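The next block holds one structure in the form of structure tokens; read it before the comments.
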Amino acid sequence: MPVSDSVSRPDTDAASERLPINELFASLQGEGKLSGVSSTFVRTSGCNLRCWFCDSYHTSWEPTHAWMSVDEILAEVRDLDPDHVVVTGGEPLIHDEVSALLDRLADDYHTTVETNGTLETDAPVDLASISPKLASSTPTAENAPEGSEPGVWTEQHESRRIDLESLASLADHAEEVQLKFVVTGRDDLPEIESLVDDVRGVTAREIRDTDVLLMPEGQTREELARTRTEVADLAAEFGYRYTPRLHVDLWNDAPET
Ligand SMILES: C[S@@+](CC[C@H](N)C(=O)[O-])C[C@H]1O[C@@H](n2cnc3c(N)ncnc32)[C@H](O)[C@@H]1O
Ligand SMILES: Nc1nc2[nH]cc(C(=O)O)c2c(=O)[nH]1
Ligand code: SF4
Ligand SMILES: [Mg+2]
């Protein structure tokens, strides 16, 4: 499948109401302010960025999926128990149909949207879980996973990864916000501090230091074991919040966890 930020659509009218869904499962929220909360995850396919460390790159870059209608998704969400629903990806906000899903979830569920912060939505969102991508996320010829065409994507990723207008709109609009940075080491902190300042300058919402989360980079237990103590120490030093990756500690990189 070509590497693309869109996902080729089945050629039917009904498909316009459908979303490419890579996984739909119940687990514990592993990241952020709601870590440990029983949640249903709806993972859409396709992404407009190409972080070299992406823990979902098969979803994002070589999308495999079922095209599900919003009704079908809601039926599966109902069948699973949790009343918290996490809409993630890939980048969920590249799909217009995510708005319809969020509209329909709003009355009965607490919704979290996991987003890279480069796109906006008018749909109701309880927690905008925004993970702006730092310079250290940019793929190079050395670190890009196979199939990601780093030559093309280095430039596109760099030019797309921060969009202050979208960050402001997401922060203004959601009931609650967290800025959740993937941290690879101390060198990331100056960029985080300057970006948090920039976001504070463009949103009407108060962004407290406790809304800024440092999350260690790592797709596996072994990788996390190498990064988490340094990142926890950095959170303590800079006065930000640390978030674990509970699901990686518990289930490593198993699918549907
Ligand atoms: C797969 S992304 C999907 C949502 C959206 N595209 C985004 O990046 O926020 C879900 C979360 O996993 C984080 N993530 C992805 N790969 C990671 C890694 N190797 N280590 C730590 N966090 C990672 C992202 O930053 C984001 O917070
Ligand atoms: N358990 C669990 N928690 C998560 N929080 C955010 C996730 C994501 O991939 O967006 C995720 C995930 O994939 N699994
Ligand atoms: S923005 Fe999210 S889904 Fe897209 S490549 Fe980066 S981590 Fe993966
Ligand atoms: Mg994940």
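Residue 1 is the first one shown; counting continues down the chain.
Each residue, glycine too, has its Cβ placed from N, Cα and C.
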Listed in TrEMBL for the S-adenosyl-L-methionine site shared with Phe53, Cys54, Asp55, Ser131, Pro132, Lys133, one of Gly36, Gly46, Gly90, Gly151: Gly90
Annotated companion of Leu28, Gln29, Gly30, Thr88 at the substrate site, TrEMBL, chosen from Arg43, Arg50, Arg104: Arg43
Listed binding-site residues adjacent to ligand 4, that is, members of Leu28, Cys47, Cys54, Asp55 whose C-beta is under 6 A away: Asp55
8 Å Cβ shell about Leu28, Gln29, Gly30, Arg43, Thr88 centroid, substrate site members excluded: Ser27, Glu31, Ser39, Phe41, Val86, Glu114, His247
Neighbours of Arg43 (substrate binding site) among the binding-site residues Asp55, Ser131, Lys133 (Cα to Cα, within 10 Å): none
